[in-house]
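Chemist: Below are the structure tokens for one structure; questions will follow.
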Amino acid sequence: MARRLQLVVLPCLLLSAMAAAAAAMPAGDVQSSYIVHVAPAHAPRSKSRLRLVADAYPSFLRASLPTRMLRPEPRVLYSYAHAATGFAARLTRRQAERLASLPSVLAVVPDGARRLQTTRTPHFLGLMQASGLVSASRGAVSVVIGVIDSGVYPEGRASFAALPDTAPPPTFRGGCVSTPTFNGTELCNSKLVGAKFFHKGHEAAVGLALDEAEKSPLDTTGHGTHTASTAAGSAVEGASFSGYAEGKAACWPDTGCMESDVLAAFDEAVADGVRVISVSIAFGAGGWAPRLYEDAVAVASYNAVVRRGIVVSAAAGNEGPGDFTAQNVAPWLLTVGASTIDRQFVANVVLGSSGLTVAGASLYAGAPLGDGTLPLVDGGACEYGSFDAGKVAGKIVVCGPSDYASHTWKGEVVRRAGGAGAVLAGSARYRLHVLPQHHTLPATSVSMYAYRTILSYINSQQALAAATIQFLGTVSGQERTPPSPRVAAFSGRGPNIRAPGILKPDVVAPGESVLASWPNMRASTTTGLELHLDDDDENSLPHLATAWPQFNVMYGTSMACPHASGDAPGGSALMTTAYNLDSAGDVIRDATTGRASTPFARGAGHMDPNRALDPGLVYNALEADYVAFLTCELGYTAKQVALFTKDGGSAAADCSSSSTAATDANYPAFSVLLDGDKVTQRRRVTNVGRLSTTTYSVIVGSPPGVRVTVNPPSLHFMRGLTTKRYEVTFEPMQGAQVTDKYSFGSIVWTDGKHNVTSPIAIIWPPSSDADGEAAAAAI
Ligand SMILES: *[C@@H]1O[C@H](CO)[C@@H](O)[C@H](O)[C@H]1NC(C)=O
Ligand SMILES: *[C@@H]1O[C@H](CO)[C@@H](O)[C@H](O)[C@H]1NC(C)=O
């Protein structure tokens, strides 16, 4: 029987202008938004209905604050009862401080903005063979996936067509709202089983009410439709759900989701009974992952994962390729990085009579350049207004390194100055990884290195320099593209800045050129072009102004995240069955360098949902593991731990006892800070291939400079769901000269039928290098 995937979309609305409310904070009576976590023992009681709790928090506030502090009156935005205990409210700073001092309140956190982890590049791709997670999912029961994103645009989208003869599972209690712009009766069906929106935190932060048309689950950005159809869209005949993308998180500096709205969406998703939650959001450019107790997604997902057994997959963020850039780093999250696939958008630069070809990539779909070459000139940074009249007219202009977010605009600058084509150098940060962009003239993006080659050609030829751009379109297949997958340059990387003992990301999945559903809308509201182009320019973008495609290419770890959401074997199975070799049989490469990636980039490897259905052994974590992790490994206070545990942390960990000394959350990977003698970690594995007795033996791939001992070296399982323990000791080898910051290895348990693989990452003590300082500064 085919597994049926159903979908409920819980959007948080995009923040288009971050309020400056907090900036001006003169008198003590300016209100801003806070999330107040209440000790469960003191929370207003409610047996079943949310509504009762919601009504109760204003009286909780009246009872908690002295009368003189009740002006201006606090305004409750949301109450939380499932993914967290407490409420979001408009409070003055004095009111917030007072609440924070009460024993009944665990924490008062200013409401913050998060970002969708993607940038987008609209382009009609054509339809491709169905493949990937959705078609691979088999099984019995329906799975409702909650996608917390920007909404959904289901109308006329085959990905959201009703499933014949099905109904949501009886445990699903959600539903669809109707608004003037979203007829829930019509748009929701047996596939899209719910749609809701959460806007109060957004409105409060912006200080403006949304108008009625905007108050809707309708997706007007494309992001949510894209992620939702990737996670759970029906396998459209002839359409592909596998794909990949690149993240330039810096290109959406002023949009985001308020954490109070995200928390409300989580709360309802849990109450509604979804089985999987996909969150493609993280802190934005330059942001380190927040401390877990200040991270609404970490807090909310803890309750979803630990109490309800919901699988939560989250984007690793688009801040790569530097160290410590992974986001959503809590051990209970499945953190998904982005990989590339064997599909490229090739647009090479051919230099003059030499015929030297320089690799480039572009999504340009307009009329190509002619067969002959055109004069090639160095346009410097291609700033607006920087070209002398006539200097670039009719020529191909080479623009210096810049963030990919600005490539479309720089091409447009060249077009306006009369240029015939443009070659845009990628950012130094992404090195070899070139990300194709949409263009308004024949243009292509090249790496920094290719840019240098082109510049030296121009210098040698001067006025004789000439070139053309060859648009080869979509090139796919292993023979014609470099080995795949690769880890995308933008994908967030370890070590884990908040918990060095937990390897993040967990896995990588397609994050580039992901093909999925896309709403109908004007291109200029979706592409980033609105940042730069005025309405007049629409006439110059004929291929953007035409009927909007139903499918689109997007880039970002957001696009990778929903790939990991369609089934629920849990993070352990996805990690231990992930593969680490590319199509050429080499270790998966890093697109940034072209060399082998490390587990800090690819996690346990590229996920393989089919193999994850039969993992052999799984690493399960209990709440006690997480409590020990939060208390002993992270050193959180009882109040901070209680934010997660909801029951007030009754199961407080004793960090001195040897049973909790291994504070590794029974993680299916090993990340070890080896700054002393030796480190011992303990793990439990449960046999889920339960048909027969079986014996697993261990194969250790020791990292350079480290002696790894596993004890016992073999595990015998009886029939049934049995659990065994083992212990791993990591010991630095005497006299070994390790010059790298990190070394890597693996532990594989095998019974001949299953390989249960865990990566090992060793973090050597930081010398006084910049990374160590950066990490120290962030912590
Ligand atoms: C919503 O759709 C249903 C079913 O097509 C229709 O009966 C109803 O009138 C619509 N409601 C509105 C407000 O348009
Ligand atoms: C397990 O790994 C070994 C060594 O890499 C390989 O030869 C073998 O085919 C793998 N077995 C399975 C079932 O994947």
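Quick reminder: no glycine exception, Cβ is built from N, Cα and C everywhere.
Note: TrEMBL annotation is automatic and uncurated.
Here's the feature list from TrEMBL:
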SIGNAL    1-24  signal peptide
DOMAIN    33-117  domain 'Inhibitor I9'
DOMAIN    143-567  domain 'Peptidase S8/S53'
ACT_SITE  ASP149  active site, charge relay system
ACT_SITE  HIS223  active site, charge relay system
DOMAIN    373-449  domain 'PA'
ACT_SITE  SER558  active site, charge relay system
DOMAIN    664-762  domain 'Subtilisin-like protease fibronectin type-III'
Chemist: Please state whether DSSP places ASP149 (active site, charge relay system) in a helix, a strand or coil.
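Modeler: The three-state answer is coil.
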Chemist: Looking at the domain 'PA' (373-449) alone, can you tell me the average pLDDT?
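Modeler: Mean pLDDT, the domain 'PA' (373-449): 91.
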Chemist: Please list the DSSP helix, strand and coil residue counts for the domain 'Subtilisin-like protease fibronectin type-III' (664-762).
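Modeler: Helix, strand and coil residues of the domain 'Subtilisin-like protease fibronectin type-III' (664-762) number 0 helix, 58 strand, 41 coil.
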